[in-house]
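**Q** Below are the features listed in TrEMBL for this protein:
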type	residues	note
DISULFID	22-145	disulfide bond
DISULFID	59-65	disulfide bond
DOMAIN	23-165	domain 'Peptidoglycan recognition protein family'
DOMAIN	36-171	domain 'N-acetylmuramoyl-L-alanine amidase'
SIGNAL	1-20	signal peptide
């Protein structure tokens, strides 16, 4: 086998390993995001992952989740006056991850952590019930994906939004769930 073929085979194996860890990611263009300009994340790879819920309706289909993403982006941009949707990624109960600001961009999701974290959340309200298995798996896989791609530090810490600021987010049920996830930091 020549050197080019060997390199091609090795690259394919590496990419297969990364994509196996990443959930299906719906791009901004695919969900119909408005144009926005946001700052680069100044601390990379991000040492923190901040988990949220959107405190609105959940979604279980691609169409419903895309509509929720557009609704949230409009609320954040028009209602809050932000440059874009506040989160880096959101996950639907259809098991897909939706690109918000994306990797390497500074979010507007958790004061004191925006310049050093990736803000992830699940679309819906999770005060009394946890997100379904598809959403939980996609969220955990998205974190693993971010580590594999070098966007999240391998020694990152996971926290719930309520640990950064006085809020009920990510909901009592979901917060109790993420407390069992790898790298959860109870001492912020």
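Cβ atoms are placed via backbone N, Cα and C, with glycine included.
I'm curious about the neighbourhood of these features; can you describe it?
**A** Within its own chain, residue 22 (disulfide bond) has 97, 141, 142, 144, 145, 148, 149 as residues 6 or more apart in sequence whose C-beta sits under 8 angstroms from its own.
On its own chain, residue 59 (disulfide bond) has 65, 67, 68, 92, 93, 94, 123, 124 as residues at least 6 apart in sequence with a Cβ closer than 8 Å to its own Cβ.
Averaged across the domain 'Peptidoglycan recognition protein family' (23-165), pLDDT for the predicted model comes to 97.
Each residue in the domain 'N-acetylmuramoyl-L-alanine amidase' (36-171) gets a DSSP state, and the totals come to 37 helix, 31 strand, 68 coil.
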